[in-house]
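Asks: Structure in structure tokens, see below.
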Ligand SMILES: Nc1ncnc2c1ncn2[C@@H]1O[C@H](COP(=O)(O)OP(=O)(O)OP(=O)(O)O)[C@@H](O)[C@H]1O
């Protein structure tokens, strides 16, 4: 199977005009916005290989006239980094994908294209040059996110009051356009609460489809179109956070450890490397925010606090994971080599269980992650040693089978040791109407490349197996070639330090036929992860509660019986169990006998 070709699926609307060429009309000629359409609405962007020019509507061009020096630097460093071509008209994402593909680190990405800004009809964008965000827009922020600290809400409220409450009120009630985003991943109930009106799952699902994203919403429903980021620019980063250090760089953003000036807690704040407002990245960045807002409440998913747009950059405030990423640990292990160069049995089982619980939660919300890999797994080390490596080798070697099975209701403070968390939700999509952007090809199952999205949760299961295999010392995973295909045909070498049941479970998880792979729910109960007799704290707590409940019921029954007939009961209580009467058994009524 050929796995390195590039396709971008695109459904042009009648009267389509590339947005970038519209808002940067003063800077670029029309030739920049040439689009080459193939049959079936497929666009070929790999201009170099086909001789076809690339489309320009992904170009994240923001007029430098309107950028601050800092922004200009950020943008130019992005160009310099080689992640994106400064050539007008070239898609930064497609260019990056080409590079990753050249390095063999990714597979073709059938990216569904929309208007880069609001997913809606592009033709209704006023044909005026791009104007910088007006001051009054600063007062609008993503204040309705579930985890925004109260103080920020109050602060935002105060600012709103200062600006002009009456005017803003008019804006919020303005029927012409959206005043707050509608999260496409929220459940119908939440959306109902948000909108104050009834919406069915079908309504919501349809809001995720390509076509409906381009349609005008019905009059009585809140618009699913997005507020452009530049409309909700605010200034929070320096005002509310003290930047401690850079934690790392990703494809789209840099992540910084920051301390909130008010609550004194550390957070990981991801800042997009380049201005995303109006670019192809805006959709991706918003997708990550939507997913985090819906999923960030589970112990094994990196927690989300808030997100905002600042200088057209996207900022996402997440839980700070003090143990770094699993990829860092795997890299360290490799350097150590030998038997030290891998997770030991207990650690590997723990890793598998935590990630399975995270996936079980994500899948239960009707969503899939689609980019499970060591680089997207983060470690939280609680109580004591902050060094995950030391902690891991200690628990693996000395404490034997240190397996606890945390459940959703387990509290963080009860956990000692390492907690694994699923992060980087940029690829998350709905299972009902998926908009699939493929993740890292090393962890990707073959069916995704065939555009078979009928069992998306099983794609996560496949990636999880390979992630665990790598952490268990399975070695570098192939990016393509015969080995890549061999794994997709169900051939995974055994991890020699793991029991046969565990190796069998990994093999089940990578089965060729996705439907035959176990679900996350099944994995949680797999005896290879949860041996019989080994009960989690939560399980023990549940059983204890059930016994307490039974006791309460028995007590009540006893009290009632005592009230009804205290004498009879006391007699009964005195009788030995199983025997009603010792004297006069065969006589219908008791008789008193006179001895003298
Ligand atoms: N919550 C976090 N806590 C601690 N460190 C983090 C956190 N999130 C990210 N990092 C660090 O920042 C680096 C980059 O983050 P991340 O991978 O999420 O960025 P990205 O732009 O989404 O990358 P990509 O899309 O290429 O996977 C990570 O490798 C990790 O070291």
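The chain as shown is numbered from 1 upward.
Here the Cβ of each residue, glycine as well, is placed from N, Cα and C on the backbone.
Feature annotation from TrEMBL assigns active site, proton acceptor to 371. Annotation comment: TrEMBL describes 270, 271 as ATP binding site. Residues or ranges marked as Mg(2+) binding site in TrEMBL: 376, 424. Look at TrEMBL and you will find 537-564 tagged as coiled coil. Annotation comment: TrEMBL describes 1-12 as compositional bias 'Basic residues'. Residues annotated as compositional bias 'Basic and acidic residues' in TrEMBL: 29-41, 92-102. The compositional bias 'Polar residues' annotation in TrEMBL covers 42-51. Look at TrEMBL and you will find 241-529 tagged as domain 'Protein kinase'. Look at TrEMBL and you will find 1-121 tagged as region 'Disordered'.
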Asks: Which of the binding-site residues listed here (270, 271, 424) have a Cα atom within 10 Å of the Cα of residue 371 (active site, proton acceptor)?
Replies: 424
Asks: Within the set 271, 371, 424, which recorded positions show a CB-to-ligand 1 distance under 6 A?
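Replies: From 271, 371, 424, counting a Cβ under 6 Å from ligand 1 as near, the near ones are 424.
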Asks: Using a 10 Å cut-off, grab the number of neighbouring Cβ atoms around the Cβ of residue 271 (ATP binding site), all chains included.
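Replies: I get 20 for this one.
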Asks: My understanding is the cutoff is Cβ-Cβ under 8 Å with a sequence separation of 6 or more in the same chain; which residues meet that for residue 270 (ATP binding site)?
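Replies: Listed in sequence order: 250, 253, 254, 255, 314, 315, 316, 318.
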Asks: What same-chain residues, at least 6 away in sequence, bring their CB to under 8 Å of the CB of residue 424 (Mg(2+) binding site)?
Replies: 250, 288, 302, 371, 375, 376
Asks: Using a 10 Å cut-off, grab the number of neighbouring Cβ atoms around the Cβ of the residue listed as 'active site, proton acceptor', all chains included.
Replies: 23
Asks: Could you pull the average pLDDT for the coiled coil (537-564)?
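Replies: Mean pLDDT, the coiled coil (537-564): 85.
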Asks: For residue 424 (Mg(2+) binding site), just give me the three-state DSSP call.
Replies: coil
Asks: Let me know the DSSP-derived helix, strand or coil state of residue 376 (Mg(2+) binding site), please.
Replies: helix
Asks: In DSSP terms, helix, strand or coil for the residue listed as 'active site, proton acceptor'?
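Replies: It is coil.
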Asks: How many other Cβ atoms sit within 10 Å of the Cβ of residue 376 (Mg(2+) binding site)?
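Replies: Around residue 376 (Mg(2+) binding site), other Cβ atoms within 10 Å: 25.
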Asks: Indicate whether residue 270 (ATP binding site) is helix, strand or coil by DSSP.
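Replies: Going by the DSSP assignment, residue 270 (ATP binding site) falls within a strand, counted as strand.
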